[in-house]
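Structure record follows, encoded as structure tokens.
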Amino acid sequence: MSLEVENPGGAESANRLSLKRHDSLFGDAEKVSGGKYHGSQGSWARTLHLAFQSVGIIYGDIGTSPLYVYSSTFPNGIKYNDDLLGVLSLIIYTLIIIPMLKYVFIVLYANDNGDGGTFALYSLISRYAKIRMIPNQQAEDAMVSNYSIEPPNSQLRRAQWFKQKLESSKAAKIVLFTLTILGTSMVMGDGTLTPAISVLSAVSGIREKAPSLTQTEVVWISVAILFMLFSVQRFGTDKVGYTFAPVISVWFILIAGIGMYNLVVHDIGVLRAFNPWYIVQYFKRNGKDGWVSLGGIILCVTGTEGMFADLGHFNIRAVQISFNGILFPSVALCYIGQAAYLRKFPENVGDTFYRSIPGPLFWPTFIVAILAAIIASQAMLSGAFAILSKALSLGCLPRVQVIHTSKKYEGQVYIPEVNFMMGLASIIVTIAFRTTTSIGNAYGICVVTTFSITTHLVTVVMLLIWKKHIVFVLLFYVVFSTTELIYLSSILSKFIQGGYLPFCFSLVLMTLMATWHYVHVKRYWHELDHIVPTNQMTTLLEKNDVRRIPGVGLLYTELVQGIPPVFPRLIKKIPSVHSIFLFMSIKHLPIPHVVPAERFLFRQVGPREHRMFRCVARYGYSDSLEEPKEFAGFLVDRLKMFIQEEIAFAQNDAENEDETSSTEVTEAQARPRRSTNSVVPSEEAIEPRVSSHSGRITVHANQTVEEEKQLIDREVERGVVYLMGEANVSAGPKSSILKKVVVNYIYTFLRKNLTEGHKALSIPKDQLLKVGITYEI
């Protein structure tokens with residue numbers, strides 16, 4: 001039972017507490033139940049409401065794919081009219097196999113407390129097996145209510161065996177980490193290419209009514225829209241679900257209606273494409289060209305990963321309803337209608353979508369297409385920002401400023417530096433490639449690589465966590481990895497025609513992330529090897545003749561144990577420490593959220609009179625850091641609670657010792673009397689002595705608690721100072737040339753040119769003190 005004091009001043013309530021030693025976990029933690037997130041449970045009305053909202057947030061990308069799929073599949077025109085049946089059949093079954101079967105009915109269940117995406121899978125796996133490189137795990141982490149893991153089932157030894165193999169294999173840890181940062185890189189590439197291809201393909205439709213416009217002019221109109229799109233990111237999309245859902249819903253109604261019109265008017269016979277035999281005939285007829293065309297067909301499922309990545313805003317049932325009830329029928333009808341139109345007008349394959357629109361509907365459809373393209377771009381940008389903000393908790397990049405643009409919708413974030421780089425890259429891609437076909441070659445690689453990474457990580461989840469039968473695991477892995485490999489091999493054939501772009505982009509981003517993580521891990525181990533044990537704190541302070549100065553000091557450190565090496569350096573240079581001093585660590589747990597009541601872990605460092613503490617502030621990878629004033633206020637409140645708990649424990653120990661010693665003395669005095677007078681002392685003779693003394697202890701303890709609280713309040717009023725170690729890391733003289741390049745140049749460049757830690761933590765400059773230190777690794 002945890003400590004719970006409703007009336008700290010009452011001697012009776014404090015005296016009768018039932019206590020259990022937690023050491024560093026304050027009392028409220030056990031009372032918090034598992035958190036339920038947005039849409040994880042609810043009525044059918046709530047689920048349908050979320051299903052409608054999901055239409056606007058996660059289907060913009062896959063819903064605008066009909067703008068460019070046929071033109072990307074047939075860049076050189078249609079050779080045989082029956083090829084349309086084969087391609088349509090491929091599109092239909094690709095939509096069924098990857099988004100529907102794989103994601104909607106399997107992958108969505110591999111969520112992390114309601115959160116989805118590549119990074120959520122990695123974090124879920126890392127809770128069940130110790131695969132992270134930094135040894136900052138603490139036993140108390142598993143006490144967090146949302147941690148919720150099950151030990152491997154003893155009946156299935158395979159899961160336990162697999163867990164041991166993962167934990168003992170450094171190669172396996174590196175592979176899983178590499179897959180995660182590759183997935184992050186590809187999502188960033190997706191967020192860069194989606195605006196380019198969506199906006200360019202939507203704007204290209206204007207040439208149907210204004211044929212005098214050149215392709216160059218269309219490109220510059222697209223660039224102007226892209227510039228505005230990236231410029232307004234700082235304002236966020238606070239009402240995403242309500243603003244976007246109606247527009248995308250209108251879009252789906254339009255494309256479904258146009259598809260139905262074309263099917264009835266031009267060739268209803270294309271419904272034969274539901275027979276997969278036309279796929280076999282298509283490949284027999286076209287051979288290698290048919291295989292190459294798969295690179296265009298796969299674009300029909302762009303944005304599928306968004307269903308999983310944005311799951312945290314909705315729930316599984318809502319996504320399943322919106323996909324099967326709205327997206328699939330609408331998009332399938334649109335592709336069927338376009339195929340029917342092309343059966344009669346195969347020469348218009350370069351601009352199928354706009355050519356197939358009935359005259360009166362052109363301008364409404366054009367306007368909605370532009371809006372839908374912008375919404376699709378916005379959704380992918382939001383997703384890219386969100387996944388990168390989560391990757392920061394892995395220590396893959398310097399702490400950059402993550403701005404939460406919405407108080408209502410979690411996950412709506414904006415990263416200024418990343419927005420600038422992605423916006424610049426998207427505009428350059430649009431100007432350089434000029435056509436959707438060339439951009440599509442690059443786009444497909446991002447899409448399929450992300451699919452493949454998800455397949456591999458979900459397979460690990462099946463083996464380690466779900467403990468599924470090996471036949472089911474193999475069936476999942478073989479079917480989907482083979483399908484994705486076939487598509488990937490096709491896209492790679494277009495490497496020179498634009499496919500190289502995401503590889504170059506991902507290579508650069510992965511190099512930066514891997515470099516930062518490598519040095520980050522090395523630095524952590526270096527500090528861990530040079531920590532000062534906490535039991536030497538008194539000696540350290542006396543040796544340097546340290547005096548206490550007014551105020552509260554927070555020394556930020558990555559370490560969650562021991563005294564960091566920067567502290568001895570600090571007191572040697574400035575032999576003074578604030579009256580209340582905390583070694584502060586910001587730690588991200590492998591879960592989406594940590595409830596505020598479980599945020600802080602405290603430990604006493606040295607004797608109580610030193611008033612020095614170790615504090616670990618724990619966040620989930622989707623949590624935002626509080627503003628400085630809010631953080632400091634919350635920290636001070638929890639520190640008071642911790643001190644009260646520690647004093648209560650000390651009081652309880654003192655009472656137990658006093659009761660033991662009093663009982664022993666009374667019994668010793670009773671024995672002689674019993675031998676002479678046969679008088680056994682009554683309980684009443686003993687009780688007053690114990691109660692009287694424990695009452696004095698209780699009163700003293702309550703006075704001490706109040707004095708400590710008043711002291712903390714006074715020191716907070718005198719000022720809070722934030723101290724940060726400014727570490728300069730360099731490679732040792734005997735290091736290899738590669739290591740020297742990585743550490744001395746790439747890492748140093750990132751550290752100097754990206755946002756500094758105090759800005760990411762929103763620490764006021766006038767309250768910041770930096771302490772320089774050099775590490776040689």
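Think of each number as a place in line: the chain as shown, counted from 1.
In case you wondered, yes, glycine gets a Cβ from its N, Cα and C as well.
Unlike curated records, TrEMBL annotations are generated automatically.
Because the structure is a prediction, the values reported are computed rather than measured.
According to TrEMBL:
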{"type": "DOMAIN", "residues": "50-538", "note": "domain 'K+ potassium transporter integral membrane'"}
{"type": "DOMAIN", "residues": "550-777", "note": "domain 'K+ potassium transporter C-terminal'"}
{"type": "REGION", "residues": "653-693", "note": "region 'Disordered'"}
{"type": "TRANSMEM", "residues": "50-70", "note": "transmembrane segment"}
{"type": "TRANSMEM", "residues": "90-110", "note": "transmembrane segment"}
{"type": "TRANSMEM", "residues": "174-198", "note": "transmembrane segment"}
{"type": "TRANSMEM", "residues": "218-236", "note": "transmembrane segment"}
{"type": "TRANSMEM", "residues": "248-271", "note": "transmembrane segment"}
{"type": "TRANSMEM", "residues": "291-309", "note": "transmembrane segment"}
{"type": "TRANSMEM", "residues": "321-341", "note": "transmembrane segment"}
{"type": "TRANSMEM", "residues": "361-392", "note": "transmembrane segment"}
{"type": "TRANSMEM", "residues": "413-433", "note": "transmembrane segment"}
{"type": "TRANSMEM", "residues": "439-463", "note": "transmembrane segment"}
{"type": "TRANSMEM", "residues": "470-488", "note": "transmembrane segment"}
{"type": "TRANSMEM", "residues": "500-519", "note": "transmembrane segment"}
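Note on the transmembrane segment (248-271): residues 52, 55-56, 59-60, 63-64, 66, 84-85, 88, 326-327, 329-331, 333-341, 343-344, 356-358, 361, 364-365, 368-369, 371-372, 375 of its chain, located 6 or more positions outside it, place their CB under 8 angstroms from a CB of the stretch. Using a Cβ-Cβ cut-off under 8 Å and counting only residues 6 or more beyond its ends in the same chain, the transmembrane segment (50-70) has close neighbours at 39, 42, 87, 91, 99, 194, 197-198, 201-202, 240-249, 251-252, 255, 296-297, 299-304, 306-307, 310, 313-315, 317-319, 321-323, 325-327, 330-331, 334-335, 338-339, 342, 349, 352-353, 369, 372-373, 375-380, 436-437, 440.
Against the transmembrane segment (500-519), the recorded stretches 291-309, 413-433, 439-463 differ in Cβ pairs under 8 Å, and the greatest number is found for 439-463. At the 8 Å Cβ cutoff, the transmembrane segment (218-236) and the transmembrane segment (361-392) share at least 3 close pairs (sequence separation 6 or more) and count as touching. Same-chain residues lying 6 or more positions outside the transmembrane segment (439-463) and placing a CB less than 8 Å from one of its CB atoms are 68, 72, 98, 102, 106-107, 110, 118, 121-122, 124-125, 158-159, 162, 166, 176, 179-180, 182-183, 186-187, 189-190, 193-194, 196-197, 200, 295-296, 298-299, 301-302, 304-305, 308, 429-430, 433, 472-473, 476-477, 480-481, 484-485, 487-488, 491-492, 494, 497-503. Same-chain residues lying 6 or more positions outside the transmembrane segment (90-110) and placing a CB less than 8 Å from one of its CB atoms are 62, 69, 116, 121, 124, 273-274, 276, 279, 282, 294, 297-298, 300-301, 304-305, 307-308, 311, 316, 319-320, 323-324, 328, 331-332, 335-336, 451, 454-455, 457-458, 461, 466, 476, 479-480, 483-484. Among residues of the same chain six or more beyond the transmembrane segment (291-309), those with a C-beta under 8 A of the stretch's C-beta atoms are 57-63, 65-66, 68-75, 87, 90-91, 94-95, 98-99, 103-104, 107-108, 111, 116-118, 187, 190, 194, 283, 319, 323, 331, 335, 376, 379-380, 383, 386-387, 437, 440-441, 443-444, 447-448, 450-451, 454, 486-487, 489-491, 493-494.
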